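What follows is a single structure, written as C-alpha cells, with notes after it.
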Amino acid sequence: TDLSLLRFISAELTRGYFLEHNEAKYTERRERVYTCMRIPKELEKLMFFGIFLCLDAFLYVFTLLPLRVFLAMFRFITLPCYGLRDRRLLQPAQVCDILKGVILVICYFMMHYVDYSMMYHLIRGQSVIKLYIIYNMLEVADRLFSSFGQDILDALYWTATEPKERKRAHIGVIPHFFMAVLYVFLHAILIMVQATTLNVAFNSHNKSLLTIMMSNNFVEIKGSVFKKFEKNNLFQMSNSDIKERFTNYVLLLIVCLRNMEQFSWNPDHLWVLFPDVCMVVAAEIAVDIVKHAFITKFNDITADVYSEYRASLAFDLVSSRQKNAYTDYSDSVSRRMGFIPLPLAVLLIRVVTSSIKVQGVLAYVCVVLFYCGLISLKVLNSIVLLGKSCQYVKEAKMEEKLFNPVLTATPGKPAGKQQSMFKSTQGISTDENGSTSVTNQPVHQKENMPSLLVTSNSDQFLTTPDGEEKDTSQDSSELKHRSSKKDLLEIDRFTICGNRID
C-alpha cells in the first residue's frame, strides 16, 4: 500500500467504529450512570427513616422514660401491699428504667459544675488552626465513646438484672453503675465542647473557622471512597452517617439556643443564623451523597441495597415491639447506629434549663403543655414508624423471620434446641414456658412442619448479590461460599467508624 501523510490524515478523518460490538460493556456503563442518579433519592429515604428512628429514641428519654420510672418506683413502694408473688422485686425492664433515670439525674446535677461561658471564652481565645485540630480530635473521641459506651450500659443492665442463682462472674452492680455515670458525664462534656466549638465558628467575624470545619467533611470523602466496601461495611457507614447527621442537628439546635439567649430571644437574630445553619446542613448532605455514590460505583453495588438497609432497621424496630422482645427498641437503635441518647439528652436539658428561666404560674403551665406536646409527638412518631416498618418488612418478605424465629438460627446454638422452643400443638407458636407469642399467628401443623426443614428465601436477605437469582441446584462450593457470609440481621454490633468486623 502507498503510505503517505495525506492517506494517514484521510484515514484518521474517516475512521469508523461500531459500539454495538461491545454492547455489554456500554450497557454496564450506562447502568452505572443510572445508579449514581438514583443514589441521592435512595440514600435520603434511608437517612429520613433512620433520623426519625433516632428522634424516637431521643424523645423517649424526655417523655416516656420519666413515666416508666415513676411507675417502677410506685410498684416498688407498694410492693408490700401485693406480696412477693415473684422472686423478683421488679421486672428487668423496670430495673433498667430506674437505672437510666438515676444516671440521667446524677449527670444533670454534675453538669452544673461545668461552666459553659468559661468554656466558650477559653475556646474562642484559641487560633483557627488549633480549633480545627481540636474539632477533629473531638470527632474521633466521640466515635470512640459511642462505640464503647453502649457496652458499658449493657453491662450495667445485665449485671443488675442477671438471675441471682447464677454463678457470680462480675465485679458488682455498684462499680458498673459508677462506670456508667462516669461515661455519660464525660461523653456529655465532650459533646458540649463540640457544640461550643461550633458556636465559636458561627460567631466568628470572617466565618473562616466555619468554612474550615465544613471542608473537613470533604476530607471524609478521600478517606472512604477509594476503599473496598462490601454490603455489611456500607451498612455500617450508613448507620454512622445517620447518627452523625442527627447529632449535628441537635448541636445546631444547642448553638441556636445559646445565641438566642445572648440576644434576648430577638427573632431577628434567628434569621442571621439561618444561612449558616443551612450551609452546614447542605454541606453534610452533599458530602454523604457524593461519598455513597462513588462507593457504590467502585464496588458495583446497586442503589437497591439502601432499601434492604431500611428493611433491616425496620425489622429491628418491629421485633423489639414484640411481647417477648430481647431488648428495648431504643437500645436496639443505639447498638445499630452507635447513637446513645443519654449524654445528648443530659446536655440538652442542661442548656435548656440554663437558657430558659421558668418563673410564675403561667410559665409552669407552658412547661406542662410543652411536655404534653412532646408526648404527643413521640406517640405519633412511634405509630408512623411502626406502620412504615411493618410495610418495609412485608415488602422485603421478612415476615417469616419475624413470625417463625426458628428460621433465624442464632450462631453457636444448635437448631434442635431452637425447634424445641416452638411447639406445634393447637397451631400456635409457644415458648418453653408455654406462653403464647405476641404474634399469635394460627398455622396448620401439616403446612408448618415442612417449613422447618426448608430454608426460606428471606434467609438470603442482604447476602446475595444484587439482581442475581439463586438456583437451588448450585454446586457445593458456591453454597459453602454463600453460607460463610454474615446476614446483617445476625450482626448485633457495628462500629460507627465504618470499619469491617471480622
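Cβ atoms here come from the backbone N, Cα and C positions, even for glycine.
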Point to revise | transmembrane segment according to TrEMBL, located in which of 249-266, 267-284, 339-356 | key: 339-356
Review point. Should the transmembrane segment (46-78) and the transmembrane segment (173-193) be scored as in contact, given a threshold of at least 3 Cβ pairs under 8 Å and pairs 6 or more apart?
Key: no
Point to revise | Distal contacts, the transmembrane segment (362-387) - CB-CB under 8 A, six or more residues away | key: 49, 52-53, 55-56, 59-60, 62-64, 317-318, 321
